[in-house]
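Colleague: Before anything else, here's the structure in question.
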């Protein structure tokens, strides 16, 4: 018997995928609830390889989901809460319509609420999984912490986002986990390292909220993401605080509480004092008191190995980097954004303070003589103390990225700042490397110091001055020559008419003499060649041209590379051509950038010359 024919679109892509409308009918929920459920559970649309087969022969545009994902969503208990909430809204509308305020109040008190704890455990079985997916969470939470309360942005979300972001920043300060900071057009990029996982997120600058610019943004969808990320960050903060032995929710130490009691009456309510003090990032956190048990210290055997020594050296460097600002007392002026500066200083062991009228938590006043650095963003400060350095805010972030204290002379108020290099760029062989990055790498290796850089700058200035002097001397000589030529021309104008005929005759005689000189030489050469007997022709020994070892090695390497290219099969040859084309393009771009840099330096030199000439 023959095999039964299988019907069309009953297997394969047609059954593996399902459209969005069919999925909504399958789950028996509305479109907004379906979107919220997919966001909370981490289910996203898929792109089938053959859309026509997945759409059962139709070519209309559709959004597809995996059938397995929709079946997985059908077992979610939150769907029942969505249905209960729909019934609750219907009853509440009826109570308000009938003016039954007592019943409406009882309904609001018994509003259906759902929790996301089980979803967090499903999506992130281990804590490391949660840390790996923390980038988007922090970006969105820090973004919503800067928003005001609007129609689409609930006030509870904003307050919780601000509270959780402050808790996370306090943990980074306590753990000394900050690694990189970069100020960009979009905002401030931070990178931290926690339990071996690198997390990078973006914090926007604190500007005013423009509702017109956000007219195209769907805040409802963003609010669904924030709802999930708030729960997730709460779990992460709890785990991080307990790993360091700190209280959660965070508590201040006894000394910080004493300062808090002195300031809270003047600045805020008692209920808000602790939160404001934590947001200042200047107070130390209280740790959990545990009973210490005396245990014998286990002495581990030490083996001499190059890997262990390298690991020890890297660990020592990391510890020294975490204490980069130890012993520094930094005062932040009013015009400087306080939170990013204080966060960077405190994360590396420094002390930071500000004017007490700006915010709570100021540790010391501006008149303190022990202040080592004052962050200023004005060309000339009103008051100046001789016991401290006045620097611009970029110095702090450049020091963090360079992992060393840079010279403060380049960051004085009113000085043109050096370029703020991105610490996230990894330079490979053949890439364009800016000269500032090369100078910084030499300084990090100890090969170059600030004195050498200053000497190079002085030498370049001296060369420019010498070039200016030489140019002026050449101009003076040209002017003198022009004056002499003008005088000679004036004297010769009178005698030109008499001498024209004589000059013409002299020129004709010279041409005749030249022709006569050339012809006998050629005849003599022809006579000599014809008169030479064949016996006088001899064979001489030649000289060997010895090839250098380096050129020989380069030639052999080039020949071997050419043979290897010829032996590449056709299947891999296209890939090789793409890679070689990419390398050529990279070299071409590097040459372009170097040429642009040279033009820029030339323009800067000409500008300096013009300024010097104008000053003189």
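Here the Cβ of each residue, glycine as well, is placed from N, Cα and C on the backbone.
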Colleague: Which one of 389-426, 579-616 shows up in TrEMBL as region 'Disordered'?
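Modeller: Feature region 'Disordered' in TrEMBL: residues 579-616.
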Colleague: Can you tell me the mean pLDDT for the domain 'BRCT' (320-413)?
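Modeller: Over the domain 'BRCT' (320-413), the predicted model scores a mean pLDDT of 90.
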Colleague: What residues elsewhere in the chain lie close to the compositional bias 'Basic and acidic residues' (591-604), defined as a C-beta under 8 angstroms and at least 6 residues from its ends?
Modeller: 432, 434-435
Colleague: List, by number or range, the same-chain residues at least 6 past the compositional bias 'Basic residues' (579-590) whose CB is under 8 A from its CB atoms?
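Modeller: For the compositional bias 'Basic residues' (579-590), the list is 430-432.
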Colleague: Per DSSP, how many helix, strand and coil residues does the compositional bias 'Basic and acidic residues' (538-557) have?
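Modeller: Per-class counts: 9 helix, 0 strand, 11 coil.
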Colleague: For the domain 'BRCT' (320-413), what are the DSSP-based totals of helix, strand and coil residues?
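Modeller: Residue counts in helix, strand and coil order: 26 helix, 14 strand, 54 coil.
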